[in-house]
Structure formats: C-alpha cells, structure tokens
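Feature list (source: TrEMBL):
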| type | residues | note |
| --- | --- | --- |
| ACT_SITE | His254 | active site, proton acceptor |
| BINDING | Tyr24, Tyr129, Arg164, His254, Arg257 | glyoxylate binding site |
| BINDING | 77-79, Ser106, Gln127, Thr155, Lys230, Ser252, 285-289, 308-309 | FMN binding site |
| DOMAIN | 1-359 | domain 'FMN hydroxy acid dehydrogenase' |
Amino acid sequence: MEITNVSEYEAIAKQKLPKMAYDYYASGAEDQWTLQENRNAFARILFRPRILIDVSKIDMATTVLGFKISMPIMVAPTAFQKMAHPEGEYATARAASAAGTIMTLSSWATSSVEEVASTGPGIRFFQLYVYKNRKVVEQLVRRAERAGFKAIALTVDTPRLGRRESDIKNRFTLPSNLTLKNFEGLDLGKMDEANDSGLASYVAGQIDRTLSWKDIQWLQTITNLPILVKGVLTGEDARIAIQAGAAGIIVSNHGARQLDYVPATISALEEVVKATQGRVPVFLDGGVRRGTDVFKALALGASGIFIGRPVVFSLAAEGEAGVRKVLQMLRDEFELTMALSGCRSLKEITRNHIITEWDTPRPVPRL
C-alpha cells in the first residue's frame, strides 16, 4: 500500500515492532489526554487564505541560530532509535542531512555523538539531560562540541519521569543488545530491570532533581554553544529563560509524556511568543503530522517546528528511506499550504492567515 501521509507510518511501526518498543514510542503520560490534545488542538485552528497572489515561486528556506536550512521542519530528539531500526540514529542523521535540515540527537541515543558525526556533514544539535554527576554532563557537552554539534537543547521538564503506564505494564527496559552509547564508558549505559519502568528507575537514580535556573548559567560557563531551553509552556518561564541567557525556546510538553493535562503545545505557543517579544526564536514540538500544522505554528509566531514520533515510526517501517519520506511529505504539504494560503516566503505567513478559538470575531472590513 502506498503511503500518502506521515500518520500512516504509525500502524506499520505497530505491526513491525515488539510491543514493548512500540508502546514506549507511542504512549503518553497517565490518561494520555495531552497526547490526544496535541493533535486535536491543531484541528481547531482554521485558515484564512488569501487569493490571487502569484505563488509560482515559493521559498521555504530559513535560518536557525544563524544556520541556513531548507525548511522550518527539523528532527526532535527521540531516545533509543536502534530499538526502531538497526541503523537507528545513523539513518536519521543521514535523512535529516539529505533534507537540508537539523537533527537533534538525544542524550539517550543508542549511537554516540562521535558515531553520529561520522555519518557525514550536517547541522546537528544535542539534547541534554543533566545528571546528578556534573562531571558526566561536562564531559558529554565537551564531546558534543568536539563532534561538531552546534547547539544544546536542554530538557527542563524532566526532574522526574512522567508516569507512562504502558511502560510500567511492560516493565520497559532497553533491549540487552543496546546501550545508552553516550554513557557507555561511564557505567551509566545500562538500564536495569525494575518492578515498574526500567527507565523511570534509571531517571530516579541518575537525573538531577535539583536542576534550576542557575544551572543554565552554569552550563554557559562550560560551553560556548547556544542553549535552547526545551519544555517551556508559559510566558513567565519564557521571560526567565531569556534572562538566564537562553538563545531560544522550544515550546514542548515532551510529546505529552511528562505532566498530563498540560495544554497542547500549539495552544501554549502564542503566550510564549508574546512573552519573548522577539528577543529569541521560539520553536515548537508535539503533534505535528501535516504541512498544515507547520503553517499554523509559524502563523502563531514559531520560527520552526520539530518532529519526534513520525521519525521513529517511519524509521521502524522503512529505515532511512522512511525518515527521508516523512521529511519530504511534510515539506511538500507545507509548500502546498503556503501556495493555497497565498504565502511565497516564511515572512509572508502572518497571524491573519489563521483563526483560533481564542480569537474574538473579526469585524467585517468596510469596502
């Protein structure tokens, strides 16, 4: 069967993957209300397309932290990609590079920063979890820098792991043939069996719950790389992030895997954008499955979006070719959305191109 959209990869991944692996990628926290809402909230935003504009040439290129990319669609960090496909992060890195976009490598990758760098050229960011042992963090950041990674995406919504009930039921642990490659030499690469979720136990043992705003300043003393704060959902925190020296903000609810009943990221986006007052770029991840979703995020002020689950599902289904296809489908759909909305470049996408449930009805302009 020919795959015609990004969402179709999920069913194929479900057929192909062991239940424990599929459930790990697919599930959200607790009732999974936010997991559904991340998608549903996009569906409540409608278009106000402008017509009779010459859209014969469309430019989707943009820059992120000074790096030129082909489109505002990037790859979010997702853990344990070799659990989806033997080539794991290698395949994702090659696909992102071929698409001319940025890949973010997870701290909990099953391939190391050096291995991913060895796949060839490409703009890559590194997602960081802060461990209790700060020497480990320092070492890891240095390695990412040496391997040519261009930014740190600091995850700030995980002092403890969210309650993911399928992982508890499945007694989730990393398959025995895989390790957390970045931590292999530090005796932190293995995840033990546990009475609940092996990952939850690992996080409880290793990740620093004392992490606070001052640590963003500490991070700036150990690296010159720009720091993106990933996991901001309020205007208040956006302001503090800027004061703390963040180079950008990623509006994220961790794929609805942490605190359930937080808003969809697309619903939280505008508040964060307004609070930043254009001082730093704001990005979004969570629930993006269509080119129309990308356009809606940009209309609400995002500088770009990141995709997570579509990458691991397409990776499971078709390896590198699957990830390439996902990036191409989203690119094609986004280009079509721009054309049909009357936008020829990203700067022409405005708040007036959409209508949301929180908008007051617009007065009809007099002719």
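Cβ coordinates are placed from backbone N, Cα and C, and glycine is handled just like the others.
Automated prediction, rather than curation, is the source of TrEMBL annotations.
Shown on the structure are the features that TrEMBL records.
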residue : record                       : Cβ neighbours (10 Å)
Pro77   : FMN binding site             : 26
Ala79   : FMN binding site             : 20
Gln127  : FMN binding site             : 24
Arg164  : glyoxylate binding site      : 25
Lys230  : FMN binding site             : 28
His254  : active site, proton acceptor : 23
Asp285  : FMN binding site             : 29
Gly287  : FMN binding site             : 28
Arg289  : FMN binding site             : 22
Arg309  : FMN binding site             : 24
Fewest Cβ neighbours within 10 Å, where candidates are the binding-site residues Tyr24, Tyr129: Tyr129
Gln127, Tyr129, Lys230, Arg309 filtered to the binding-site residues whose C-alpha is within 10 Å of His254 (active site, proton acceptor): Lys230
Integer mean pLDDT for the domain 'FMN hydroxy acid dehydrogenase' (1-359): 95
Among the glyoxylate-binding set Tyr24, Tyr129, Arg164, His254, Arg257, as the record gives it, the longest Cα-Cα distance in Å: 19
Top Cα neighbour of Tyr24 (glyoxylate binding site) in the set of binding-site residues Pro77, Gln127, Lys230, Asp285, Arg309: Arg309
